[in-house]
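Encoded as structure tokens, the structure appears first; notes follow it.
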Amino acid sequence: MALTVQDLRARKGGEPITMLTAYDAPTAELIDEGGVDVILVGDSMGNVVLGYDSTLPVTVDEVASRTAAVARGVEEALVVADMPFLSYGTDRQTSIENAGRMLKEARADAIKLESGEHTVELTERLHQLGIPVMAHLGLTPQRINELGGYTQQGADPEAAQEIVDLARAHEEAGAFSLVLEHVPANLAATITEELEIPTIGIGAGPETDGQVLVFNDVVGLGEWSPPFAEQFGDVRAEMESAIDGYVDAVSDEEFPAEEHSRYADELDDLY
Ligand code: KIV
Ligand code: NA
């Protein structure tokens with residue numbers, strides 16, 4: 001049986017939740033078969049696969065298309081679509097339509113919003129309508145131009161309190177879980193203890209109810225990854241070696257060989 005948001009809520013304080021990003025069907029299929037609980041079609045696709053230098057240019061169409069591809073590759077994991085910059089939080093009608101597309105058209109199970117004061121009411125409305133919302137506090141990269149850098153958030157008591165209050169407000173509004181990005185580990189621990197919904201951390205220490213990382217960082221595919229990520233493989237080196245191998249084989253006329261080639265007997269008299 002595929003994982004539901006209720007299953008995820010029930011994991012609070014239990015076996016740690018695993019979550020990874022994916023942006024295409026074959027990768028999502030591998031991640032799903034690997035037993036990962038939640039697959040996030042993150043707007044990190046902007047930096048990671050679409051070649052933008054931030055998440056800001058990512059469109060609703062791009063997330064919808066990638067989410068549909070991921071959903072086609074997944075059987076067990078919960079698929080969460082990440083709402084891109086300015087696709088929500090402006091007017092309510094547009095926010096709901098954009099979020100709705102991810103379930104109606106792209107077959108996501110839930111959506112994620114970078115959260116703030118402006119998403120409390122929207123989270124409640126989406127929850128009422130049947131669109132499960134994963135909240136996201138701490139470092140919210142869509143606000144990079146306000147923040148000035150991808151730095152740790154909530155490091156002083158006032159800023160920490162603000163995050164605690166927003167976390168509570170989003171839980172009350174009906175969010176089924178909360179991503180905490182790049183906050184002090186002790187703040188993440190406090191919020192995890194305060195909330196009844198599971199917290200999922202990235203750069204938030206070991207005491208959240210789950211962990212999330214960007215897939216490309218985990219397998220070592222990116223040129224750069226944040227200091228709080230861990231590389232569990234070296235896929236980039238594998239890819240480089242395969243590309244070199246192909247180029248060399250064609251250049252040296254070793255590929256294609258006899259075993260890759262089929263000749264049609266009927267053509268023997270052609271010339
Ligand atoms: O877009 C993304 O990949 C994310 C995760 C880092 C939580 O929002
Ligand atoms: Na994101």
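Cβ atoms are placed via backbone N, Cα and C, with glycine included.
TrEMBL labels come from automatic prediction, so no person has curated them.
Residues annotated as Mg(2+) binding site in TrEMBL: ASP43, ASP82, GLU114. Look at ASP43 (Mg(2+) binding site): DSSP puts it in coil.
Around ASP82 (Mg(2+) binding site), the same-chain residues at least 6 positions away in sequence with a Cβ under 8 Å from its Cβ are LEU40, VAL41, GLY42, ASP43, SER44, VAL63, ILE111, LYS112. Mapped onto three states, the DSSP output places ASP82 (Mg(2+) binding site) in strand. What TrEMBL lists as 3-methyl-2-oxobutanoate binding site is ASP43, SER44, ASP82, LYS112.
In this structure, GLU181 (active site, proton acceptor) is part of a beta strand by DSSP. Taking Cβ-Cβ distances under 8 Å and a sequence gap of 6 or more within the same chain, the neighbours of GLU181 (active site, proton acceptor) are HIS136, LEU137, GLY138, LEU139, THR140, PRO141, GLN153, GLY201, ILE202, GLY203, ALA204. TrEMBL lists GLU181 with the feature active site, proton acceptor.
Ranking the binding-site residues ASP43, SER44, LYS112, GLU114 by the number of CB atoms within 10 A of their own CB puts ASP43 at the top. Taken over all pairs of the listed 3-methyl-2-oxobutanoate-binding residues (ASP43, SER44, ASP82, LYS112), the Cα spread reaches a maximum of 12 Å, rounded to the nearest whole number. Of the chain residues outside the Mg(2+) site list ASP43, ASP82, GLU114, GLY42, SER44, THR55, VAL58, MET83, PRO84, PHE85, LYS112, LEU113, HIS136, PRO141, GLN142 have their Cβ within 8 Å of the site's Cβ mean position.
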